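Peer 1: This is the structure I want to talk about, given as structure tokens.
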């Protein structure tokens, strides 16, 4: 019929114009040929802004490692081990990693790479689930607010590290009386200069009675927070191609510093007591539900699952990138780094316990500030402590920026995909990013008051869908080794049975 002939001519004209849909870096070859005359009036195609792509597979790999290997590996994992009885925490930790962390990590990377879109737009395949993407943005926003405050703390310590002697060392004149006293507060508890520096000069918790008494904004920390957001703004402004080059330094430098601290810690008296406390499991703690809940939360916190950062970074991959290989490499490297950093923490805790004459479990207050107490004391014991203090807190800054960049990328990618005209206009994109960073800075001022630590402490046919999702992964990895298909059988079992069951149990226990 005439209408059918007209439709076929329209389709043929579209393909001959080279307007076929492209998929994440794969452009079908188009041969320019003279456009045939057609009585159909084709609508003018809307110009599509080309998405960026990683300069190479190693840039994506290192960016994901930098995103996952962050401050949580240095201060949160040792803190949870310390709170949950030492080495016994490693058992539920690796169980949660294998059964929940790795399968969900692969799911998020695969979804982002296959859809080539951010946390909201990627659900165009099922608009009913767009709320998941919005929920990711809400969680990512909360993470960005407090995570950059931790970076501000590192800035404060970094600036203080340019003093000789270090202001938290016993060599400082202001600490002479403190180091000579056996009990320096009203409770009779022995406090070190590092603990006093952390609680009084950095947090100011001694000047607050609780959340109802926030006190004034601590302006030295507020300036550090402003500097941190300015640096994040400049990093985000350059795009993924330039940031992919920076991770060659920021993702590898922390390992050099950790090796130095482990070697120095091993030479300290009493360090073996700390390592023994770290590795010796207290089997009775396995019956405590809080230990399992902390293990699950640490896996999600450390791997960055469910906040949109992984999904957004994977959306800039080439369509045929081997996402299974990347998942295994990144998750293994992340958790090994957490285990590796624990030796640097606990060797120093053993030395602190030896000096105080108390068990390792009583050597310091449990809390997110453990690394800001144990690590500064370790640095004060190193020869050339000023130099190593600068290097260490510079390392913390690099770890924090890498992770925060991934969280911010999840937010910005979601917005830019929903409003693509911003991506094609550098000025509008810069204004949007600047307004977002400034808004986060204003919200973060609450966390640089005397109550900052109080706020931190409060903080259908399934089988058919899973089968199709696995097939999509195999289709995406065109040159898939034979082992990839066998590994997917394990992930399929986790997605359908193991992971949902463990998450429901963990949610119930919480």
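Just so you know, the numbers here start at 1 and follow the chain as drawn.
Each residue, glycine too, has its Cβ placed from N, Cα and C.
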Peer 1: TrEMBL tags one of 168-195, 252-279 as transmembrane segment - which one?
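Peer 2: From TrEMBL, the annotated transmembrane segment range turns out to be 252-279.
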Peer 1: Which stretch does TrEMBL mark as transmembrane segment, out of 328-349, 350-371, 460-481?
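Peer 2: So the range that TrEMBL calls transmembrane segment is 328-349.
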Peer 1: If I take the alpha carbons of residue 334 (Na(+) binding site) and residue 179 (disulfide bond), what is the distance between them in whole Å?
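Peer 2: Approximately 38 Å lies between the Cα of residue 334 (Na(+) binding site) and that of residue 179 (disulfide bond).
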Peer 1: Where, among 60-78, 90-111, 132-158, 219-240, 378-399, do we find the most CB pairs under 8 A to the transmembrane segment (328-349)?
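Peer 2: Between the candidates 60-78, 90-111, 132-158, 219-240, 378-399, the best contact partner of the transmembrane segment (328-349) is 60-78.
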Peer 1: Between residue 66 (Na(+) binding site) and residue 179 (disulfide bond), find the distance joining the two CA atoms and give it rounded to the nearest Å.
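Peer 2: That separation, Cα to Cα, works out to 38 Å.
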Peer 1: Using a threshold of three or more Cβ pairs below 8 Å, and leaving out pairs closer than 6 in sequence, do the transmembrane segment (219-240) and the transmembrane segment (378-399) count as in contact?
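Peer 2: Answer no: the transmembrane segment (378-399) and the transmembrane segment (219-240) share fewer than 3 Cβ pairs below 8 Å.
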Peer 1: Starting from the Na(+) site formed by 66, 69, 73, 302, 334, 399, 402, give every other residue of that chain whose CB sits within 8 Å of the mean position of their CB atoms, in sequence order.
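Peer 2: Counting only non-site residues, the set is 65, 67, 68, 70, 71, 72, 254, 337, 403.
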Peer 1: Would you list, in sequence order, the binding-site residues among 69, 73, 302, 399, 402 whose CA lies within 10 Å of the CA of residue 179 (disulfide bond)?
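Peer 2: Correct set: empty; none qualify.
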Peer 1: Consider the binding-site residues 69, 302, 399, 402 and say which one has the Cα lying nearest the Cα of residue 170 (disulfide bond).
Peer 2: 399
Peer 1: Can you work out which residues elsewhere in the same chain, 6+ from the ends of the transmembrane segment (132-158), have a Cβ less than 8 Å from its Cβ atoms?
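Peer 2: Contacts with the transmembrane segment (132-158): 71, 118-123, 202, 220-221, 224-225, 227-229, 232, 306-309, 311, 368, 372, 376, 389-390, 393-394, 396-397, 400-401, 403-404, 407-408, 410-411, 414, 440, 443-444, 447-448, 452, 455-456, 459.
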